[in-house]
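Copied over from TrEMBL:
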TRANSMEM  B:6-25  transmembrane segment
TRANSMEM  B:37-58  transmembrane segment
TRANSMEM  B:64-80  transmembrane segment
TRANSMEM  B:92-118  transmembrane segment
TRANSMEM  B:124-146  transmembrane segment
TRANSMEM  B:192-210  transmembrane segment
TRANSMEM  B:216-242  transmembrane segment
Amino acid sequence: MTPIFELKQVGYKVDDQQILQQIDLTIQPGEFVTLAGPSGSGKSTLLRVLATLLTPTSGELWYNGQAQASYDKITYRREVSYCFQQPSLFGETVRDNLAFPFDIRKQAFDDTKATEALESVDLTASMLTKAITSLSGGEKQRVALIRNLLFPPKVLLLDEITTGLDGTTKAIVHRLINTMNQRGITVISVTHDEGEIAAASRLLQVVAGRLEVSADAK
Amino acid sequence: MQNNLIVSPTALTFAIILVAVALAINFKEHIGLEKDVLVGVIRAVIQLTVVGYVLTYIIKVDRVWLTLLMVAIIMLNAAWNARGRANGIPHAFVISLAAIATATILTLLLLVGAHAIAFVPSQVVPITGMIASNVMVATGLCYRSLNTSFHDQRQAVLERLALGADLKQASIVIVRTAIRTGMAPTVDSAKTVGLVSLPGMMSGLIFAGVDPTKAIMYQIMVTFMLLGATSLGSVIACYAAYPQFYNHDLQLR
Ligand SMILES: Nc1ncnc2c1ncn2[C@@H]1O[C@H](COP(=O)(O)OP(=O)(O)OP(=O)(O)O)[C@@H](O)[C@H]1O
Ligand SMILES: [Mg+2]
């Protein structure tokens, strides 16, 4: 099977600071990979490189058997969806946020689809008209997550999206992500959460910009 | 009508007292602008004297090429000044020139075509100056707004990009704000014109003894012209400038 990602000696450098170095990594389609490591070790940077928000300064990066650079960035980013650590919401209301994925695809807003998405994270359609400033942290995070999932991507890059959430909300988010993974979406998830690390099927450690492969946790 | 308009050298000398007032205030209150006040005064005297003689000559000679040259010089100068307000936006001079020249030339063509003004230097040059300087200010404001928004909303722009937005989709909110900012002074002054201030051109005409009802016709024209020109200039500047905030890989710089 063609790996979904193949990284060969990938490095990322800003000015003189080597943030990522010599990353060798192969990920198969449908895998669920957990990335852990100390703060500032380069986890977010690695996800951003995978998401084409940063271009590697060295090495080779293959996506689906083709050089990442050969893809049209916009198409690629719709397939490889990056969820930010501490996302920001757009516009005024929740609807503005869920409308964005439709807008950029020049499609009309689909109420049913949006409602289903909200329900998948235990929110309701009445949420649509809510002002983004009135949302709780957990609600914000869930709205941001379904914004990435309204048009299901092939790969989901999650940057500590459960950090700061209470147990119940965490469980809701995990449930959705697992469903997505079971449908074949490759998930690469950065986390500091003990539970998530313990439950990881494939755990990778990023330390000082390098990848350290741990023994399989499960 | 001519006689009461002459400001005699004696009168100007007396006006220096006003400069002295400004300087005195600066010293007393430790404002620290003495140097700028002096530089400003000296520059104003020199620049205006030169311009006065140049205009006299241009108006006397009345050659099309000379008038056009003057128009070009005004636009280049305005673009250079606007570039100075871009704070590092790449290609700011070219962008400013495109915005200022397009807005100025189109507005001039329209005014001349509609016989609102005649193609004589005494009308074309001052009108060009008026349009170009307003568009210059508008473009400068647009740049400042773009710089601030791209800085403050960096995260939101990144998120839009990550969701697969193209550059326009990722920036449109910022671009709209910038265009609005660029147009705001002109729109505001259109709203208060006559109530708060009598604008320069109208005041000048009334000074020169023109019937105020005639003077307002000109002012209305100027107001329309500046609205059109600053909108056009702001739109061109913002649409040309926002892609400069991204690199080839559709990433924020
Ligand atoms: N654009 C940049 N310019 C300079 N340094 C940067 C840049 N982006 C990231 N860094 C540095 O790179 C290192 C890795 O940052 P990164 O955000 O990837 O860490 P992280 O592993 O995600 O940390 P955390 O767990 O705290 O989120 C940090 O030292 C950071 O300061
Ligand atoms: Mg991080």
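If you go along the chain as it appears here, the first residue is 1 and each next one adds 1.
For all residues, glycine too, the Cβ spot is worked out from N, Cα and C.
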For the transmembrane segment (B:216-242), which partner among B:37-58, B:92-118, B:124-146, B:192-210 gives the most CB pairs under 8 Å? B:92-118
Spatial neighbours of the transmembrane segment (B:37-58) far in sequence, C-beta under 8 Å, 6+ residues away: 19, 22-23, 26, 66-67, 70, 121-122, 125
Please report, as numbers and ranges, the same-chain residues at least 6 past the borders of the transmembrane segment (B:64-80) whose CB is under 8 Å from any CB of it. 54, 58, 93, 96-97, 100-101, 104, 108, 119-121, 124-125, 128-129, 132-133, 135-136
